[in-house]
Amino acid sequence: MLVRSFLGFAVLAATCLAASLQEVTEFGDNPTNIQMYIYVPDQLDTNPPVIVALHPCGGSAQQWFSGTQLPSYADDNGFILIYPSTPHMSNCWDIQNPDTLTHGQGGDALGIVSMVNYTLDKHSGDSSRVYAMGFSSGGMMTNQLAGSYPDVFEAGAVYSGVAFGCAAGAESATPFSPNQTCAQGLQKTAQEWGDFVRNAYAGYTGRRPRMQIFHGLEDTLVRPQCAEEALKQWSNVLGVELTQEVSGVPSPGWTQKIYGDGTQLQGFFGQGIGHQSTVNEQQLLQWFGLI
C-alpha cells in the first residue's frame, strides 16, 4: 500500500511539473489584439534565451507548437518559446501596414515585442539572446521584426518568406489577396530594399540581427525570387557580399549561400522543395548559438 501510494504521488508530481503551452492574456501593449502563448520548460537556464516562433497563414500557436521539435529542445536546453497567434486575415500576419513596419508605432509587430518584454521581465530572460523564426507568413513577420526592432532581436531565421516591406501598402498579405505582386517575386535594388529597413527605425545606429533565409526552389506560392530579394536586402543592411556557394548544405539537394564570413547572413535553396516547412531544429539552434 505504501509503495503504491508513493508511486501514485510520484506520477502526480511528474504530471504537475510537466511543462505545457499556456496562454497569457495580459502582456502589455497589444494594438491589434493578437494572442500570446508561451512554453516555459520545467528546467530553465539562468537568464534564459527567448525564441519567438511564428505560425504560417491558416495556422495557430497550437499548430506551430506541434509543428517543430523546438519544445523538446527547450526542455533539454532551458530556453523559452513564445508562440504569438493572430486571428485576423485568415490567420496571416500583418506585414503590409505602416504601423507594423515602423519601430514603436503599433501593428502586430509591437504586440509581439510586448510579449518579448513581458517574458524577459517575468522570467529574468537574457535580452541579448532574443530570436525570431517562422514559416511562410511567420517567416515574413520574422523579417518585419528584424527590420523594425533590431534593438530587440539578435538573430532571425526565415522559411519561405519575403523581404521586409515587400507587401507595404497592400490591402492584405494573404494567399487569397488579388494582389500577389510581392509573393510572386517583387524585385528592387539592394539599396532600395536596404532603405526600407533603415527607414523603419530612423536614426538607429546599433547592431542589426543576423539572418538565415531558407526557400524551396519549387515554391509557386511564394516564389524563390522572394528569398533572393531578402538576401539582397540584408546583404545591403549588414554590409556583407556573397562570397561562397556550397552544394549539399545542410543536406543533399540544398545550396548554401555564404555572405561575408558567414556569421551575419546565410541563404539556403532546396531543389525539389515547394511551399513547405523545412525547419531543421539543430541547424536553427546552432545559428542562434543555443546548442
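Just so it is clear, glycine is given a Cβ too, placed from its N, Cα and C backbone atoms.
What Swiss-Prot lists as signal peptide is 1-18.
Taken from Swiss-Prot, the feature N-linked glycosylation site covers Asn117 (among others), and the record attributes it to sequence analysis. The local packing around Asn117 (N-linked glycosylation site), expressed as other Cβ atoms within 10 Å of its Cβ over all shown chains, amounts to 16.
In sequence order, Pro56, Cys57, Tyr159, Ser160, Gly161, Leu221, Val222, His275, Ser277 constitute the residues six or more apart from Ser136 (active site, charge relay system) in its chain with CB-CB distances below 8 Å. DSSP assigns Ser136 (active site, charge relay system) to coil in the three-state reduction, outside any helix or strand. Positions annotated as active site, charge relay system by Swiss-Prot: Ser136.
Residues or ranges marked as N-linked glycosylation site in Swiss-Prot (evidence: sequence analysis): Asn179 (among others). Secondary structure at Asn179 (N-linked glycosylation site), as computed by DSSP, is coil.
Distance noted between the C-alpha atoms of Asn117 (N-linked glycosylation site) and Asn179 (N-linked glycosylation site) is 35 Å.
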